[in-house]
Each structure stands twice: as structure tokens, then as C-alpha cells.
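According to Swiss-Prot, the Mg(2+) binding site annotation covers ASP72, ASP74, ASP76. If you look up Swiss-Prot, you'll see CYS73, CYS89, CYS96 marked as Zn(2+) binding site.
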Amino acid sequence: MISVDFSKGLVPTIILDDQNGDVLMLAYMNEESYQKTLETGYTWFFSRSRNELWNKGATSGHTQKVKQIWTDCDNDTLLIRVTQIGPACHTGKKSCFFNLIKEDF
């Protein structure tokens with residue numbers, strides 16, 4: 001198995017919808033949340049604001065069932081394809097990326 005580089009503590013983690021490849025959210029994992037994700041098959045992250053682990057959807061029911069886990073060329077960023085149940089964003093939107101800044105460059 002490929003080793004993820006947690007030497008800086010947190011690893012950016014991009015979450016994609018496995019059905020269509022849409023970007024759902026960006027969160028951070030530490031080694032403990034990564035291990036819990038591997039063990040349970042559901043996403044676990046590290047909350048920088050609350051300084052604690054959180055299981056995505058534990059409160060809302062909007063869970064993320066892991067389908068695939070990828071790492072980048074430096075092994076310090078993760079991309080996880082999931083089956084998303086309900087919206088991924090705490091605002092109720094499907095994706096956390098819904099604020100267009102500019103287009104048509």
C-alpha cells in the first residue's frame with residue numbers, strides 16, 4: 001500500500017462524486033482520520049476549527065461511502081471518490097463549490 005505523507009500533520013482531501021466526477025468538497029485528514037476512513041469505509045476528517053475528528057454525515061445523515069482513494073504524485077494530497085448520500089455541503093447544496101467568481105477568460 002502507498003504511504004501518505006502526514007509529516008506536516010494535515011493532508012488536503014478532495015472529495016469527488018463517484019457517479020459523475022463532480023467535486024463535492026475539500027477537507028483535511030490527519031493520520032487518525034485517514035485510518036478511520038480506511039477501517040470504516042466512510043469519510044472521516046479533521047476539523048481545524050474544532051480541533052477534532054468528525055465523521056461526515058454523522059449528525060446530518062449525509063454520509064460519504066468511500067469507493068476509491070487516490071494520492072497525488074507527492075503523496076501529500078488525497079482524492080477520494082464517494083457515493084454521496086444527500087448534499088455534501090452544510091448549506092444544503094450538493095457541492096461546497098457553488099460560488100462562481102469569474103468565467104469566460
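Just so you know, glycine gets a Cβ as well, placed from its N, Cα and C.
Feature map: annotations from Swiss-Prot on the structure.
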| residue | record | CB count, 10 Å |
| --- | --- | --- |
| ASP72 | Mg(2+) binding site | 14 |
| CYS73 | Zn(2+) binding site | 6 |
| ASP74 | Mg(2+) binding site | 7 |
| ASP76 | Mg(2+) binding site | 15 |
| CYS89 | Zn(2+) binding site | 15 |
| CYS96 | Zn(2+) binding site | 17 |
Nearest-integer angstrom distance between the alpha carbons (Cα) of CYS89 (Zn(2+) binding site) and ASP72 (Mg(2+) binding site): 24
